[in-house]
Amino acid sequence: MTEQKYIVALDQGTTSSRAVILDHDANIVSVSQREFTQIYPEAGWVEHDPLEIYATQSSTLVETLAKAGIRSDQIAGIGITNQRETTIVWNKETGKPVYNAIVWQCRRTADTCEKLKEAGLEEYIRENTGLVVDPYFSGTKIKWILDNVEGAREDAEAGKLLFGTVDTWLVWKMTQGRVHVTDYTNASRTMVFNINTLQWDEKLLKELDIPLSMMPEVKSSSEVYGETNIGGKGGTRIPIAGIAGDQQAALYGQMCVEQGQAKNTYGTGCFLLMNTGKEKVTSRNGLLTTLACGPRGEASYALEGAVFMGGASIQWLRDEMKLLADAKDSEYFATKVDTSNGVYVVPAFTGLGAPYWDAYARGTIVGLTRGCGSNHIIRATLESIAYQTRDVIDAMQADSGIKLSALRVDGGAVANNFLMQFQSDVLDVAVHRSKVTEVTALGAAYLAGLAVGFWNGLDELADKAVIDRSFEPHHDEEKRNQRYRGWKRAVKCAQSWAELHDEE
């Protein structure tokens, strides 16, 4: 009898590093997690220590093996998924970062982005990278490090510095500096990668003064990039065989590998991705065009829309409004009333994301009458998550011409049955909640497992994407459209608040 083998997924997130071990049936055998420090040097700036990221990630790997009593020679391969856009620059001779990692949330490069717009590069960037000009992406962060760290520019020109997103840094460290690589999904979030040619965009690198020698080699999301030694020299050599950015890994973990398949991750915000296959769709409706994973981990195209306030609006009800003691109670109170009684909550606390991209919109409650109580406001807040999701899905359908047949969902808020049913009603499609909540780790594990032959193909994996529950739409069309029109009016109110201020 052959000894049982396992796949490890390393899930390097914004607040914690996790390691997840899966068996051949894609069951989770063991999980280990460690949080790390969030550094805020100035208002709007966010950093991490790259050495702490690596230390927490490597220790969770050792911990989770020990916890499950699994030896390192039983690991068939390692898959990596990571927070996207976060930028690390290090010296390849010393292995030391020249500065902290600049995190995706960091807004310090807003001025550089304005200059790119003034230089008339907005359309070129959208057409060739699929992205909007924003501090969110890596390109302007690399430039900031080279411009502001003493000696960095000279070392970069001399070929001594390397750039990487978090996946690249982890692989470089795990292979003792032998492998400098990223995958298409992470490269597509840098704002300097051309998604038409699948090469680094030399025009944009030149514009930002970034030497090409710093950039990692870009490969597919499912192949053996190198090996790591667990247990030091003479230890077990394990192939690192899968890499994908967190949202693309979740899309793959949900088995959305064909054109028109879509998923929504309900976290602090909501991340919607729709696979558009080999067809690159340039959005005219405020979405990003990005790279995802095709059936074998090869590059395929996707549309992405981010909603800023998903689960965060429930936290607001709990922490600021004190309407809930526990976020889980929101479902109970929302179902105590039959409707929201004409109330709409637009949680534009930090502006509105896709498809509006309105930084000046502000949170708004409209439609209040004397009969409205706290339960109506709780219900309307939950409903806002579903309405914002529909805003993005409508934009995706308009851009791609593809009609959504069903939506696969994951993330913390999917445990709320009221929200999932309302989501199905608002979209008029079935909503499928997966049984495994760890879909991001699952995606990374699948990509690695396919590359090393742990799983033979997609047919084998499709059986593992088990649905916990499907929610079917109930509303009649007139009621659905009437409610959604009300939401659109409420959004206009949230947007006009700043406009009215300008008129004063």
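Each residue's number is its place along the chain shown, starting with 1.
Glycine residues also receive a Cβ, built from the backbone N, Cα and C atoms like all the rest.
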So Swiss-Prot lists Thr14, Arg18, Gly311, Gly412, Asn416 for ADP; which of Thr268, Thr350, Thr369 goes with them?
Thr268
Taking Tyr6, Tyr136, Tyr184, Tyr301 as the options, which does Swiss-Prot list with Arg84, Glu85, Asp246, Gln247 at the glycerol site?
Tyr136
Counting distance between Cα atoms, which of the binding-site residues Thr15, Ser16, Arg18, Gly412 is nearest Tyr136 (sn-glycerol 3-phosphate binding site)?
Thr15
Please name the residue among the binding-site residues Thr15, Asn416 whose C-beta has the most neighbouring C-beta atoms within 10 angstroms.
Asn416
Might you list, by sequence position, any residue in that chain lying six or more from Glu85 (sn-glycerol 3-phosphate binding site) with a Cβ less than 8 Å away from its Cβ?
Trp104, Tyr136, Phe137, Ser138, Lys141, Thr165, Arg189, Thr190
Note the Cβ centroid of Arg84, Glu85, Tyr136, Asp246, Gln247, the recorded glycerol site, then list each other residue of that chain whose Cβ lies within 8 Å of it, in sequence.
Gln83, Thr86, Trp104, Arg189, Gly245
Filter the binding-site residues Thr15, Ser16, Gln315, Gly412 down to the ones within 10 angstroms of Arg84 (sn-glycerol 3-phosphate binding site), Cα to Cα, kept in sequence order.
none
Ser16 (ATP binding site) and Gln247 (glycerol binding site), distance between Cα atoms, whole Å:
16
